[in-house]
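Annotation source TrEMBL lists active site at Arg163, Glu332. If you look up TrEMBL, you'll see Ser236 marked as active site, proton donor. The annotation domain 'FAD-binding PCMH-type' is assigned in TrEMBL to 17-186.
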Amino acid sequence: MNIQHQCPLDQLNTLGFPATAEAFVSVTSEQMLTDAVHYADKQGLKLHILGGGSNILVTPNVSGLVVKMDIKGRTVNMSGDSALLTLGAGEEWHKTVAWSVAQGFSGIESMALIPGSVGAAPVQNIGAYGTELKDNFVHLRAYDIEQKRWVDFDKKACQFAYRDSLFKQQPGRYIITEVTLSLSKVAAPRLKYAALQGFFDQKGINAPSLSQIFDAVCEVRRSKLPDPATLGNAGSFFKNPVITNSQCDALISHFPDLVRYPDQPGYTKLAAGWLIDQCHWKGKRQGNVGVYDKQALVLVHYGDGQLDELLDLSEQIQTSVQSKFGVSLEREPQIFPLI
């Protein structure tokens, strides 16, 4: 293993905040991972797993051993029109979506351009435009740090919820190395969001193909979300809040244009970006951080800033939304290292 000490993490988090790891190693196999775990135990170092760095808020000084998950690999097992796709946790999520579409496999096309790694996807139960990871999830393989053993998780065991899972509830215990998804050769478009449906309506496309859906998602997302390579960001910074239908009715009486979507029976999901925009945050800048001018749900880092600046801005936004609508916004990216 090539253990690096006092390793900069600036280029390994999409917000681009300066950070330094006490120790760092990249692992490309399960054997390297267990070796890293044993090394950390022997040295008395806390272990932290880093994926694509796209959904984290890195603190300036990270004590312990940061393990970069770089296990790659892709295998497909076909059964009729169904495909079981098994992926190494270090595979890039968007490239996986693009590859699956090129093969004619449907199921995850509407989650194109979500940054990050395959291994991080189940932790957050990533989703976009009406589709979540759990919809196509079969099982995963992970290393249990506490029990020092390998474990397989099916969908039920993962306890998936909206941007949540067992792995998010028990941070730092499991290290995901492999994820298996079920995809289909029979396209079943999921056009649940107005932005996508409107895109095809404008182009006069009634029955979009798999590749057309993929291209549309990419175009719509690029029109609203900045590229982390040019402007630091962690994608959507807040979850869309879920409230009861009665709470929603009360809000509509005061805000008739409230943007909302049906959720599970008795509940409604609100558009966090709309709530923030109504509080006049879109496009505002405070020092080295700000709110993206094309999507109020995205907070950005212009460079030379510190994490505390972004956290302060996010708390101001939460306070203003709570004051205006009586709705609490929950942060989506997690503080790294996880505690």
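Glycine is treated like the rest: Cβ placed from N, Cα and C.
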10 Å Cβ neighbour count around Ser236 (active site, proton donor)?
20
Translate the DSSP assignment of Ser236 (active site, proton donor) into the three-state scheme.
strand
Inter-residue C-alpha distance, Ser236 (active site, proton donor) and Arg163 (active site) (nearest angstrom):
11
List the Cα distance (Å, whole number) between Arg163 (active site) and Glu332 (active site).
8
Across all the protein chains here, work out how many other Cβ atoms are within 10 Å of the Cβ of Glu332 (active site).
17
At a 10 Å cut-off from the C-beta of Arg163 (active site), count the other C-beta atoms across all protein chains.
18
